[in-house]
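The annotation disulfide bond is assigned in Swiss-Prot to C30-C33 on the grounds of sequence analysis. Feature annotation from Swiss-Prot assigns domain 'Thioredoxin' to 1-105; the stated evidence is sequence analysis.
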Amino acid sequence: MVNNVTDISFKNEVLESDLPVIVDFWAEWCGPCKMLIPIIDEISKELQDKVKVLKMNIDENPKTPSEYGVRSIPTIMLFKNGEQKDTKIGLQQKKSLLDWINKSI
């Protein structure tokens, strides 16, 4: 299961992480976001020693998505060494995400 990150915990969990971090920005009402849940869960398990995978509900945590320019969801961002390195927008296939993550880390 993927852990949640909040506006309050974002700095500690993401920006100060020793591992690269994938953040899935989502909302409860978003159909494609719900379709992405099992894919994100699988990726989290498969890459648990290489990356940290977190989810952020944009309705409960509006500050961070606004700061990073999240305009549509699902949006998946990769952070490394405290910086945003890359972004994917929309529903993604597992293979596409794995290739993107492995290339980026």
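We count from 1, first residue shown onward.
Any Cβ shown, glycine's included, is placed from N, Cα and C.
One residue stands out among the disulfide-bonded residues C30, C33 for having the most other Cβ atoms within 10 Å of its Cβ: C33. Look at the domain 'Thioredoxin' (1-105): DSSP puts its residues at 38 helix, 27 strand, 40 coil. In this model, the domain 'Thioredoxin' (1-105) carries an average pLDDT of 97.
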